[in-house]
């Protein structure tokens, strides 16, 4: 029997760069993984069948497609993906209050129509790939990333969403405002020995949890490790020891 860790519900394994066969092998190597993130690349390549396969492996699924469109389109898209029986879906908070409210309502209605549990709906704030310089230059913004994250998190909360996606840098600020029933999901997680790759606002797993993150999205630190399960267990231990 595998040893259980208190923090197993806090780690979401990102499998976006893998095909289905590779993902299944990785999950066999890492039996303590409860949560899996399916992103745009994997979902476009494999389609809804990847959700069926992961559900067959008894995994909880964060379908991270980051919908961002007019309210009607977002409402229809959220209704459809909610019928797949996933556990969390993501939408861009910058789509606006009406789009967020409509998406949340549609996810409930879509899931209920096929008798599956409605997913949590979380709002994307500012992508972790942005540095402050790039954010202000590329998007022609004069204010800080933190100010924008704060505004978009409030929009998500006011729309009745279940949480938001932010970098671990902003998690402490948001957790001081929003209580534990508001999910703070943080990508941008790296171990001390890792390259930062295309992420900028990053932290280690234990630092992110200490800052108030409720779930951590971790991909390459586990999937590209020489021993993925060993890397995963070290992450669990680092969080559980806090």
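Using the three backbone atoms N, Cα and C, a Cβ is placed for every residue, glycine included.
Among the features that Swiss-Prot reports, active site, proton donor is placed at 66, with the record citing sequence analysis. Under the heading substrate binding site, Swiss-Prot lists 16, 37, 64-73, 128, 190, 199, 219-220.
Residue 128 (substrate binding site) sits 13 Å from residue 66 (active site, proton donor), taking the Cα positions as reference. Annotation for residue 71 (substrate binding site): spatial neighbours 95, 96, 98, 99, 102, 103, criterion Cβ-Cβ under 8 Å with sequence separation of six or more. In the three-state DSSP assignment, the secondary structure recorded for residue 68 (substrate binding site) is coil.
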